[in-house]
Amino acid sequence: MKLLLAFVFCTQINYITSITRIPLKKFKSIRHQLRQKDELEEFWLHHKPHVFAQKYTECFPSTLSLVSGSTSEYLFDYMNAQYYGEISVGTPPQNFTVVFDTGSSNFWIPSSYCASEACEVHKKFKSYKSTSYVHGGKSFSIHYGTGQLVGITGKDTLRISNMSIVAQDFGQSVVEPGKTFVHGQFDGVLGLAYPALAVANATPVFDQIVKENLVSQEIFSFHLVKDADSHYGGELIFGGVDNSLFKGPLHWVPVTEKRYWQIRIKNIKVQGKVQFCHNGCEAIVDSGTSLITGPSLQIQQLQNLIGASPALYGEYILDCAQISRLPSITFTIGNRDYTLTPDQYIIQERTSISSLCLTGFQPMDISTGHGPLWILGDIFMSKFYCVFDRKHDRIGFGKSVIRD
């Protein structure tokens, strides 16, 4: 997939600017691939936290804990991630595919010194072939819901489209145990959250972009396309917005805590009736996961309201023939309603003999100082054009349109 740089005139924030577009490709999630291969049950058996820790303890330095530690900031994995784009690192450039993730802050790719199975099936960065590489000398560890990776830090030139970011901090994984990333069609992750969330004191990519004055506006925006029959996934735009990709004005809501892109939800309605978050609740807008997650008890109640039945691994299923009869789900944010219809929150996975319909809601218990945290993933973001404004610490939402 060739990356393109397009210069357009953008008047959304009252002045003209150039913007950089990164095409996104849509792929089948790791969870979907495992299910198709009938390997999902075996995966979960081996990737429960206590089982994972016992099995892979020898893979990690003795100073790192696989069960406890500062894992609260890295609770999310990429089992359901569905969108990636292309970047390059080094001089001359080495190409990689990455998930552009607003739910984390570090940028990492596999190292040529990594011997884990996940690294063997992905592109690996050869630091010794890059004339611009600078060794960082630090180790880093990132925890995920289904595992953990460990690596070393460095600096090098990062190219996104034809935008070059000099001396960008990044991690090179040297241990990726288990199967978490084996089935991923992406090599690494490029985090777009706030610096407070970064490990190893790394400067996040967008902060470096701003520092080097590569954008005239300190914003980036996502236009995600949910089309099961197409590999085109939309685009990520650095430095501006594209007014042709959404209807009406953008509606802005403030970031409540500058770690994730965290906002306040006023309430959550089912078919127009308030059912959850009666007194408000916190949520993060996360491009790194496909699903919408919330506290276990509330998600279970939501599944009951839409008539879904529990399956394995925290999933809920329902009769595909009933989709048109299901209620709408509305998130009230900043006194405006953002409504998902059944066809937008149901995931239909086709197998060789039938179709499986899963709800796009999954339990995940995350506690913060402001109470339980919800995640608005790609199911939400594919309905609403999302603009992330670092200068004013706010997120703008507009109703997405599909451009011909």
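We number each residue from 1, going along the chain as drawn.
Any Cβ shown, glycine's included, is placed from N, Cα and C.
Per TrEMBL, the cysteine from CYS281, CYS320 that shares a disulfide bond with CYS277 is CYS281. Taking Cα separation as the measure, CYS281 (disulfide bond) is nearest to ASP101 of the recorded positions ASP101, CYS114, CYS119.
Scoring each of the disulfide-bonded residues (CYS119, CYS281) by how many neighbouring Cβ atoms lie within 10 Å, the top position goes to CYS119. If you check the disulfide-bonded residues CYS114, CYS119, CYS277 against ASP286 (active site), none has a Cα inside 10 Å of its Cα.
In sequence order, LYS124, GLY151, GLN172, SER173, VAL174, VAL175, GLU176 constitute the residues six or more apart from CYS114 (disulfide bond) in its chain with CB-CB distances below 8 Å.
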